[in-house]
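A quick write-up on the structure given underneath.
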Amino acid sequence: MASIVSCFSKFCLTLFLLVLFHGSTNAKLSTNFYSKSCPNLLPIVKFIVHSAIMKEARMGASLLRLFFHDCFVNGCDGSVLLDDTSSFIGEKNAAPNRNSARGFNVVDDIKSAVEIVCPGVFSCADILALSARDSVTILGGPYWDVKLGRRDARTASQAAANNNILSPSSNLNQLISRFSAHGLSPRDLVALSGGHTIGQAWCTTFRARIYNESNIDSSFARTRQRNCPRATGSGDNNLAPLDIHTPTYFDNSYFKNLIDRRGLLHSDQQLFTGGGPTNSIVRGYINNLRSFRSDFAAAMIKMGDISPLTGTKGEIRKNCRRVN
């Protein structure tokens, strides 16, 4: 009888462990993931992001861009934050990120602050998701509940970043195709592109547009040419606002720029061209700011769902710049 009880107990333990293991590896993101393990998390993140933006308004756009560039390369796993190692070349020096990806120090500050109160709990991937939302909200944009529970990648790939992050010279078909590959619709594409209502871009990213393209307002082109010489190597890193009207406030002026042929990047203006399939979406966002805000928030949630590591996959980094 004792042996039967013993065997039954072992069976129950094995079954319990199997259920526990299965549940952990198939864990889902949740808006209250840290409610018990780190209940003071959200105000800590918001305070640090707010402080960074008060020092430099552009930082909000940089943190939003960092989340985009993380999610579009092997999913939202914090891999964009990793420094190069002897075993892999990371994403920081990929062409779309080299010397232009910013906000790493803000992420470090958040991680350090949270580790004091909740050591080994809060992932770097979730820092990116929350700091992007807080940046948008602080600059006047919509609020959304961020799903959390991502874990951190143990590797990164420069090649994957070069291949998956869209170029400012991308055409509309390329934009739609790449977003579709990540489960994002043309409406998501236009809404998320509206994130360019904040931030700035280098001369190298729009030089060809302001000198060579015809689908551009001539006065706008001349204005941009004053700070972006035609010759390569001259003023390459000079900055211009992506939204000429309100570059530090999150609104729908970006879409008004497109109708006026004042999109700074070629890829921006592609969203509104003669008879283009996304023209009606652009017009809709101009006429209905609430619709844009709602769609942007929904699209950010969808983007945050791109291939996260959950359960026992990946790790919770102690330092966002390197694996444990």
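Glycine residues also receive a Cβ, built from the backbone N, Cα and C atoms like all the rest.
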For C38, which disulfide partner does TrEMBL record out of C71, C76, C118?
C118
TrEMBL annotation, disulfide partner of C71 among C76, C124:
C76
Given the recorded positions C38, D70, V73, S79, state which is nearest to T246 (Ca(2+) 2 binding site) when distance is taken between Cα atoms.
D70
Have a look at the recorded positions H69, V73, E91, C118, C228 and say which one has the shortest Cα distance to T197 (Ca(2+) 2 binding site).
H69
Here are some disulfide-bonded residues: C124, C203, C320. Which one has the most Cβ atoms within 10 Å of its Cβ?
C124
If one looks at the chain holding D243 (Ca(2+) 2 binding site), which residues at least 6 apart in sequence have a CB under 8 angstroms from its CB?
H196, T197, I198, S253, Y254, N257
Taking the centroid of the Cβ atoms of T197, D243, T246, D251 as the Ca(2+) 2 site, which other residues of that chain lie with their Cβ within 8 Å of it, listed in sequence order?
I198, H245, P247, Y249, F250, N252, S253, Y254
